């Protein structure tokens, strides 16, 4: 029988529910259990694909091509699993499915209501997360906070799950903030008490509290919360601020969190062996060397817009025994006049993905600087497209070369819309999304990075591609297309072989990076940056 764990939040949002859920997932996986995890987002968007990164951080893409919340990146990196379309559910997605069924007459004339139709659809997503992955445990995080009007159908579905599958197969974990009032010199439990009261009013009694706090709460505070919130004292778990998020699973294990969960759910599983994870964390905290990477982007004010890129760089730093110092460079501020001084200290330069005109000329200046000064450079998605445009302008001397996305009237559309995208009008969910194969050129830097594999599979998120009408001109000047689709139609990876490392990929390598296994192209880039720093 599959076990279901539901993680809710109270008092404030952005309290770290995703990290708590991911940490628990890692602990249970290391006990030998098969774990999957999903995020319920109460917003009305179908998915975050059309949302501004300033609103929601990065968009994370799954193997099966679903645009999802950035928390799924945490889940995959912590637990080292690949999630699917059932791992991110929004209000918009559920309501659109229910309304589509109503239009088809599938409800046989019934009045369509929140209960049972919306809640049944939500429960179906929870159960499908289990059946499609054959998991022992499903962890479901509910976004937002208890008391939000948008969350009510989600919480009702969670309440009903207990009756559907039995109390021994369901566990509710509530995460809250434990504020410290400096003037009073004490921690305040009242916000947590009220949050639990609100949750209980909706029919859910939490079995465990996870309290986010800057300082240790002490047993007295835990006993007080246990008494007022009707949970066992040992089931009040502290989520202390830490130097690195990968410390959280170890802190949770030290408090017996996973054992309490297993006892409640009657899971007979051996203790989690966290030796390898602990060694990884110890290494992260004791890196002696530092490598400076300039990240040239348009959303640099919000670091979460590049969360997977940052994590992939850190993983690659770990693989190369170096800490990564990220220099956040606003592409809007880069010009031909200041690019050299602004990037002079960079050991390597990364130009990540993005959409739209703003910042593209600054990114092109950064790419040109990297090429002309032989600074290791990695381009990703739009970064790959701009790498091609920079080469066209300054090596092939195709003045005005551009992307048809950025300049529909350009004489030299180096980047053009994909053929199967021409007649698509909707923006959301219509990009080339998900896992696709890439055939690597033997002897190339890309092939070397991937251990000379013939084909790799990586996740994509784009609508435009390199215009192959210009391929011969590029190749005549030493530009190498080192990764292509199996049918040779799409140019996936480009590079200049005479440089230390000047490689750009149309796909998003960062989605495949894990703390214990850095993504190979990122790792090769960081290796080159480390060498460049010497």
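Just so it is clear, glycine is given a Cβ too, placed from its N, Cα and C backbone atoms.
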Swiss-Prot records 14, 15, 16, 17, 18, 19 as ATP-binding residues. Which of 69, 71, 80 is assigned to the same site?
71
Swiss-Prot has 54, 354, 382, 383, 384, 385, 463 down as binding L-glutamine; which of 76, 405, 409 does it also list for that site?
405
Can you name the residues of this chain that are 6 or more positions from residue 19 (ATP binding site) yet have a C-beta less than 8 Å from its C-beta?
74, 78, 239, 245, 248
Return the maximum Cα to Cα distance in Å (whole number) over the record's L-glutamine-binding residues: 54, 354, 382, 383, 384, 385, 405, 463.
23
Its Cβ having more other Cβ atoms within 10 Å than any other among the binding-site residues 189, 193, the winner is 189
For the C-alpha pair, I'd like the distance in angstrom between residue 510 (active site) and residue 18 (ATP binding site), rounded off.
19
Return the member of 149, 354, 508 nearest to residue 16 (ATP binding site) in space, with distance defined Cα to Cα and candidates limited to these recorded positions.
149
Measure from the Cα of residue 13 (UTP binding site) to the Cα of every one of the recorded positions 54, 141, 354, 463, 508, then give the nearest.
141
Record-listed CTP binders 13, 148, 149, 150, 188, 189, 190, 191, 192, 193, 224 have a maximum CA to CA distance, in Å, of 31
